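This report refers to the structure that appears directly beneath it.
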Amino acid sequence: MSQSLSAEKLHFTTKLAYGAGDFGPAITANILVFYLLFFLTDVAGIPAALAGSVLMIGKIFDAINDPIIGLLSDRTRSRWGRRLPWMLGGMIPFALFYTAQWLIPHFSDDRLTNQWGLFIYYVAIAMAFNLCYTTVNLPYTALTPELTQNYNERTRLNSFRFAFSIGGSILSLILYILIAAGLPDRPQQQFGELGVMISVLSISALLWSALRLQEKGKEPILSPSLRRRLAPLLMAAGITLILLAIAKSFNLLGGSGFDYISFFLILLGLIWGGFGFTLRDSAVEEHLQKLENSPSPGVTENLPLLKQLKIAFSNRAFLFVIGIYLCSWLAVQLTASILVYFVVSWMGLNEQQSGTIALAVQGTALVMLFVWQALAQFLDKKVIYFLGSMVWMGAEAGLWLVQPGQVALLYTLAIFAGVGVSVAYLIPWSMIPDVVDLDELNTGKRREGFFYAFMVLLQKVGLALGLFLVGLTLEASGFIARIPGEPIPIQPDSALWAIRFAVAPLPAFFLLGGLILAIFYPITRAVHTDIRQQLQARQQNNHI
């Protein structure tokens with residue numbers, strides 16, 4: 001017999017380990033989206049148009065490799081499953097190339113020659129990092145529909161994922177703020193140390209997820225006996241790191257009090273301790289075990305890419321999800337990439353305060369994530385998206401009107417923006433497993449990797465063009481790039497207008513598009529229940 005629609009519940013430790021898998025990609029992506037453009041223009045000294053081109057080329061290459069990795073992941077056959085081997089194999093180069101993004105090599109004493117050398121270097125590193133990012137993150141995202149087919153449980157699972165994602169984003173900003181405070185007026189060293197620490201945290205969290213999770217009907221990477229032996233060691237190591245941080249903070253080891261190193265040790269200790277805790281309690285759910293005579297789930301179809309694209313475009317619900325996701329994340333990342341310029345050049349605040357404003361956004365998003373998750377038990381996903389986006393659009397209107405000196409209003413608007421940002425995290429990714437189910441009903445095949453890859457592909461192409469246009473607009477508006485080692489220059493009025501337009505009206509335009517698409521999204525709770533019932537009936541008939 002197949003699992004009933006109310007079954008396929010996941011243990012708390014499984015959800016926790018799954019959530020940890022998005023911690024590493026989230027903290028790397030968060031620092032990149034908030035500070036990479038600023039780093040390239042104001043620390044490395046690259047003109048804004050070239051800096052925007054670095055981001056565009058990296059993202060377009062990233063978009064190209066998404067469907068390739070998705071198809072390869074779908075077709076992977078191993079005793080551990082289709083997704084976990086990719087996560088495990090890609091995490092080390094992922095961390096190494098991330099660290100390399102924050103280095104500033106010297107190519108020539110001639111300023112123009114050095115700028116072009118840096119441009120080529122950062123393009124190459126961006127392409128390599130984005131390939132590694134896809135290798136670990138895309139198979140991870142495709143795990144959601146494989147771990148459970150329960151409508152509400154998928155939303156809960158994504159709540160854990162985005163709790164780690166938003167929580168990690170918040171913690172990465174705190175780490176940046178502490179590093180900036182500990183290393184004032186040394187931006188190159190700030191970003192260099194930040195890159196190393198973020199990389200270590202990312203590898204640790206990815207290991208936690210890949211080694212604790214088990215794919216449906218497959219062997220775990222760590223045997224039960226090895227899990228039992230490792231659990232107390234990891235927990236002890238985590239506690240030791242936290243105690244070291246506490247001792248350093250209270251000057252018991254000759255330290256300088258609580259600083260970014262203490263905070264880093266605490267984060268690393270929590271990851272290792274959480275890893276050990278989930279290994280200690282790691283009983284496998286019944287529906288994930290390989291049982292005799294159990295019906296097989298849909299298998300991946302070995303079709304050419306163009307034919308798969310044709311099938312994807314024939315799935316009307318999928319097109320809506322792509323549009324909603326693209327609009328939401330263009331709004332998120334356009335605002336994030338320009339925020340530091342807005343805070344410094346328009347509001348007259350320092351770079352460090354851009355981190356605290358971003359914290360207000362993401363802290364609110366983290367809290368609201370659980371509020372929306374609770375409401376999702378009663379409301380359709382598109383209703384939740386509509387409510388959050390309306391609040392968000394109001395905040396964007398306020399950002400256009402806020403004036404220098406109105407700092408309290410700026411933080412208030414950041415909090416309201418966080419209410420909407422949380423739905424951009426939660427809702428599109430909760431919709432896509434339902435689309436995969438609909439595709440299986442129509443085709444008899446499960447192609448999670450392809451759908452997740454193609455969804456992200458379009459998002460990245462759109463984002464690449466958006467970020468390139470931001471850089472190009474800044475350059476055309478007369479934006480003055482900071483010379484390394486010099487104070488931040490005063491921008492002309494034309495550049496200030498371009499910064500304000502990119503931080504408020506432009507994201508609001510994309511949010512409006514997402515709202516319109518959400519209204520017509522066809523898969524409601526009742527429709528999804530009917531899809532799952534038809535799939536279960538088909539599986540039972542095939543088994544008979």
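A Cβ is built for glycine as well, from the same backbone N, Cα and C atoms used for every other residue.
As the structure is a computational prediction, the values presented were derived from the model and not from experiment.
The transmembrane segment feature in Swiss-Prot is assigned to 31-51, 52-72, 84-104, 116-136, 162-182, 191-211, 230-250, 318-338, 383-403, 407-427, 450-470, 501-521 (among others).
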Surrounding residues of the transmembrane segment (383-403) on its own chain - C-beta under 8 Å, 6+ positions past either end: 324, 328, 331, 335, 342, 347, 368, 372, 375-376, 409-410, 412-414, 416-417, 419-424, 426-428, 500, 503-505, 507-508, 511-512, 514-515, 518-519
Winner by Cβ pairs under 8 Å against the transmembrane segment (84-104), considering only 31-51, 191-211, 230-250, 318-338: 191-211
Leading stretch by Cβ pairs under 8 Å, where the reference is the transmembrane segment (318-338) and the options are 162-182, 191-211, 230-250, 501-521: 501-521
Range from 116-136, 162-182, 407-427 with most C-beta pairs under 8 A to the transmembrane segment (31-51): 116-136
Long-range environment of the transmembrane segment (162-182) - Cβ separation under 8 angstroms, sequence gap at least 6: 19-27, 30-31, 34-35, 190, 193-194, 197-198, 205, 259-260, 263-264, 267, 351-352, 355-356, 358-359, 362-363, 365-366, 369-370, 422, 425-426, 429
Same-chain residues near the transmembrane segment (52-72), Cβ under 8 Å, at least 6 residues beyond its ends: 36-37, 40, 46, 86, 119, 122-123, 126-127, 129-131, 133-135, 138-139, 142, 305, 308, 337, 449-454, 456-458, 460-461, 463-465, 467-472, 474-475
